[in-house]
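The repeat 'ANK 1' annotation in Swiss-Prot covers 38-67. Annotation comment: Swiss-Prot describes 103-132 as repeat 'ANK 2'. Per Swiss-Prot, repeat 'ANK 3' is recorded for 136-165. For 169-198, the entry in Swiss-Prot reads repeat 'ANK 4'. The repeat 'ANK 5' feature in Swiss-Prot is assigned to 202-231. Taken from Swiss-Prot, the feature repeat 'ANK 6' applies to 234-263. Positions annotated as repeat 'ANK 7' by Swiss-Prot: 294-323. Among the features that Swiss-Prot reports, repeat 'ANK 8' is placed at 328-357. The repeat 'ANK 10' annotation in Swiss-Prot covers 397-426. The repeat 'ANK 11' annotation in Swiss-Prot covers 430-460. The repeat 'ANK 12' feature in Swiss-Prot is assigned to 464-493. The repeat 'ANK 13' feature in Swiss-Prot is assigned to 495-524.
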Amino acid sequence: MGISDKVNKLFNFICKNDVVSVRKYLEKGINPNEKNKDNCTMLYTAVEHRYIDIIKLLLDHGADPNIYSSDHMTPLHSVSVIIPIRKISKLITKYGNLVTLANYRNTFFVYNENRNLEIAKMLIQNGALVNMNNMKNITPLHIASSSGSYKMVELLLLHGANTNALTSYGETSLHYSVSSNDLNISELLIENGTNVNVANKDSITALIIAVEIMSIDLVRLLLDKGADTNAIGLERFKLYVTETKQNNNILKYLNTNNVNTNVTMINEYIASELYDWNRNSATSKLMFRSCFEPCTVPVTLATRKGSKELLEILLEYGCNPDICEKTTSTYAMHYAVIRKHYEMLNILIRYDAYTDVKDRQQNTPAHYAVKLPISESCKYLKLLKLAGASFNLTNRKGRTPLHTACKYNNTEAVKYLIESGCDTNIVDVMSFTPLNYAVYYEREDTVKILLESGCVDPNLCDYKEVSPIIQAIKRNNKNIIKMLLNAGIDIKPINECYGLHMLAALHNKDLLKWLLCTISELEVNGVDDHYVPLASYVAELSDIRIMEILIEKGLDLNKVTGPDETMFTMIFSATSDLRKSIIDLLISQIAADEEFSEGFKINKNMIQTDKYLLRVYHECKNQVSKMGEIKLGDGFTMIDIYKNRRSIHVNFLARYAMQLSTIDLREVPIYRKYLEILINPAIKRHKILNAAKDTMNNILHRKEKFYWNLLPVEIKFNILEYLNSKDLISLIHSNTVNEIDLSHIFI
């Protein structure tokens, strides 16, 4: 049934505060309880506008103050809101950005309060029920309790308002007064019987809200009245989503009514207690404040916020310091460390908080202490240790605080943890030790501290793939590799995990070359898990020096790797476009080998299928024959020097210096470079030894009880060969003769 024109006109007159016209229509017999298209009664509309004369007129004509209007609201609900959204809308529309919510409240609160009290009294006198609830079961007392109007609350209580009435969200009026940080109203409600320990649907009590807004006075009041210090609330995710949608609705409403110029004031209103009448919870407004931090456990929030006074109050009233937040299992002890609240940590320990509590990730406070800045972490670790903390407890990933300290390069924490007896060899779920983390994240200072401590086993790892030496190689960190080698790390993982193959495949020639020259035990004849030999990867690098190093370290090109397959044939089959210099080098090596092995036969058969290879082979073989013809003595030839070049000693060759100096290496150009590396130092060594012998003849004589000059020349050389060339040169130099004491050699 539609609304009559007369009723519509009457509503228009009410909105315009036209008392004369309203009286005229009412006297014509129009029902004062009629509703408009928005489902609002005339009385509710008049109350919303705060038109006292029209309200009185409607009541005098029989308007019922208990009829529900839009959102199940009664006029008494409306008048309990000291500053309604309609008023705010008008202000914004009229003044735009010139008006602020705080300014308006400060200026007009008392005026609004007095006017609203007058209206409320009129409604109650005309039968308004004070315990009526709206669609969210919010009563006028709930609204008044968050409005800041002590007098309005007092009026409602005087007429029997229920202090323990619950909203649909399970909240009493105390939740509303506390969330508005109103000490006086909260105290009044408690005096009138409000239960201080009622928890809403998210298990949030008034005390939790008081801690949330950091109100020391409210916390004291509630604790004095028996509030449960150990209540645990829940996160309010669903509530936040719901209220965000509600915010969008109010913004749409304002936009529809062209109230969209003062965004700041709108947001302030949405986050204020003035809008509580349309919220699901008293705590909703708090969520939209920039400084908001949700509280589920009073003691943890007090610690998070760094409120020493609040924390001590809670603990004094018997709060358990070891209650954790349900969603994160985080304790106050964790927050004291994470937020760098040293005094808070001290307070918690003083009240016997457990130092080794674990959160959801099984981290202890010590795990977080090592993540603090280097300048601060040890201070927290020392306090924790003094209180009995263990530094060997592991988290969900099997890591101790030392693992974490190494990961974050907290060198001071690493030193302190080691000094405190922390186990340096615990392996986590990734098979990482603390050393692994230091190497993995390239924390060179930390690696040095760990290795120099003498407590670390550099070879400890469950899988060779995660060996520190392999990690260092993967990260191309030569400094860490040096430290590990100096600490005696086992180099087997390099061979077993194909570390050299990996470097060659990645074209990391610098580190590959350095490792080959530095570590003598490296395997150069192995194949990786793809059955590719190291030499094949090196051949693709086109770096002849690295290939030479492989050969010097024992690359066996005749090694049989399969049916009719050798290391040499694999290099050619796996590598395309080999450089001429590398081909010549490989052929020269084969040509110098004995001709009776199975591998040699396979290689020779392959060489004979290629004209270029065969030509190079014949050239090399010709030069090998020449070297075999150059005899140095006792059946020893130049080819013997070449074949034994990796093991032959310079002192041995020095004895053949006279013969070596007469050899023209230009006759063997392919092998010349490798022979010169041996022959030139041998000739130089011989000269130094000979000069040292003569010097010794001059400075040592019989009357000084030395019998040097009586020794055969061969014995003299044998003795001098024990000295390195540097010391021999010092002996020869006239300025240092008197500084050298050789008596320990001869006596």
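Just so you know, glycine gets a Cβ as well, placed from its N, Cα and C.
Within the chain carrying the repeat 'ANK 5' (202-231), a Cβ under 8 angstroms from the stretch's Cβ atoms is held by residues 172, 174-175, 178-179, 181, 183, 186-187, 190, 196, 239, 281-283, 286, 292-296, 298-299, 301-302, 305, 307, 309-310, 313-314, 317-320, 323, all 6 or more beyond its ends.
When the repeat 'ANK 12' (464-493) is classified with DSSP, helix, strand and coil residues number 21 helix, 0 strand, 9 coil. In this model, the repeat 'ANK 10' (397-426) carries an average pLDDT of 96. In terms of DSSP secondary structure, the repeat 'ANK 8' (328-357) contains 16 helix, 0 strand, 14 coil. Per DSSP, the secondary structure of the repeat 'ANK 3' (136-165) breaks down as 17 helix, 0 strand, 13 coil.
Within the same chain, residues 10-11, 14-15, 17, 19, 22-23, 26, 32, 73-76, 78-79, 84, 86, 112, 115-116, 118-119, 122-123, 126-129, 132 sit at least 6 positions outside the repeat 'ANK 1' (38-67) and bring their C-beta atoms closer than 8 Å to a C-beta of that stretch. DSSP places the residues of the repeat 'ANK 11' (430-460) in helix, strand and coil in these numbers: 17 helix, 0 strand, 14 coil. In terms of DSSP secondary structure, the repeat 'ANK 5' (202-231) contains 16 helix, 0 strand, 14 coil. Note on the repeat 'ANK 1' (38-67): DSSP counts are 17 helix, 1 strand, 12 coil. Across the range of the repeat 'ANK 7' (294-323), the DSSP-based residue counts are 17 helix, 0 strand, 13 coil. Sequence-distant contacts of the repeat 'ANK 7' (294-323) (same chain, six or more residues past either end, CB-CB distance under 8 Å): 207-209, 211-212, 214, 216, 219-220, 223, 229-236, 287, 330-333, 335-336, 339, 341, 343-344, 347-348, 351-354, 357. For the repeat 'ANK 4' (169-198), DSSP puts the residue distribution at 16 helix, 0 strand, 14 coil.
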